[in-house]
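Novice: Structure provided below as structure tokens; questions to follow.
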Amino acid sequence: MLLTIDVGNTNIVFGIYSGKDLLTHWRISTHKEQTEDEYGIILKSLIADAGIDFRKIKGVIISSVVPTITPYLEKMSRKYLGIKPLVVGPGIKTGINIKYENPREVGADRIVNAVGAYHKYGGPLIIVDFGTATTFDAVSSNLDYLGGAIAPGLGISTEALFRRAARLYRVEIAKPEKVIGRNTASSMQAGIFYGYVGLVDHIVERMKKEMGEDNVFVVATGGLASLICSETRTVDKVDPMLTLEGLRIIYEKNAESV
Ligand SMILES: Nc1ncnc2c1ncn2[C@@H]1O[C@H](COP(=O)(O)OP(=O)(O)O)[C@@H](O)[C@H]1O
Ligand SMILES: CC(C)(COP(=O)(O)O)[C@@H](O)C(=O)NCCC(=O)O
Ligand SMILES: [K+]
């Protein structure tokens, strides 16, 4: 079995694969001050609760966009699972050719998504990931990672709206019936929801033009993807587990060197 770990700025997602099958996954919030022992306790109890024998885990792969957390998860893996984990970064085989000016600058999650999506759907494609930030990644038909766009995420945009305006308050991120809101909550929902639908479609359309390839497939992932993509014109498919799938594929590409 393989343990995949995706460290985002809001959540850490753990997945357990048996071969190509994702057996189960868990989401815990990202706290910068957690130690290897705390991660060890959390993970061991989640694994036990799922009725999985942790000794069956033979590999661990980590993708992280929070550098301070990575060493604690590496230590956890060594201490509690007895496994030296693979950490996605320089020196790891991904098969993708990163065209960023400085390849080290790209978030590991974006590369993992690109590898997972290309493997599943082929290129050319665009991946939209609704996380703390919303990322857009362009991948060519011959597996070049071309770059993309980073927009403020839905959660943090909504939070900024009510934090900075005295009479606004927290509202649920949901699709309101009408874009012309007749109370504060539905007006905020209209601005957030339909504004974000427009942001996604507009960026995707511009990226497609700039890529200059035909039949660009568009896949979206992340917690709020299905909500927003119920209204977008440009997203072809919502695939919630794309990042974990990318991690599994990268692990397999590197397995012989572990
Ligand atoms: N399954 C979900 N359903 C609804 N909202 C979600 C879900 N997962 C994450 N979110 C929301 O999406 C935002 C980003 O979360 P996440 O995708 O975990 O980001 P990151 O990868 O940056 O940690 C947060 O505001 C979170 O509350
Ligand atoms: C853009 C991100 C903050 C997205 O992270 P997330 O929303 O998944 O927490 C992350 O991929 C990152 O820190 N990237 C480094 C900058 C770059 O990709 O250019
Ligand atoms: K992410």
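Note that Cβ sites are derived from N, Cα and C of the backbone, with glycine treated the same way.
Automatic, uncurated: that is what TrEMBL annotation is.
What you are looking at is a predicted structure, and each value in this text was computed from that prediction instead of being measured.
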Novice: Check TrEMBL for me: it has Asp6, Val7, Gly8, Asn9, Thr10, Asn11, Ile12, Val13 binding ATP, so pick out which one of Thr70, Thr94, Thr132 it puts in that same site.
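Specialist: The candidate from Thr70, Thr94, Thr132 that TrEMBL ties to ATP along with Asp6, Val7, Gly8, Asn9, Thr10, Asn11, Ile12, Val13 is Thr132.
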Novice: Relative to ligand 1, which of the recorded positions Ile12, Tyr100, Ala108, Asp109, Asp129 have a Cβ found under 6 Å from one of its atoms?
Specialist: none
Novice: Given the recorded positions Tyr100, Gly107, Asp109, Asp129, Thr184, which lie close to Asp6 (ATP binding site), meaning Cα to Cα within 10 A?
Specialist: Asp109
Novice: Using DSSP reduced to three states, classify Tyr100 (substrate binding site) as helix, strand or coil.
Specialist: coil
Novice: Please report the DSSP secondary structure of Thr184 (substrate binding site), reduced to three states.
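Specialist: It is helical.
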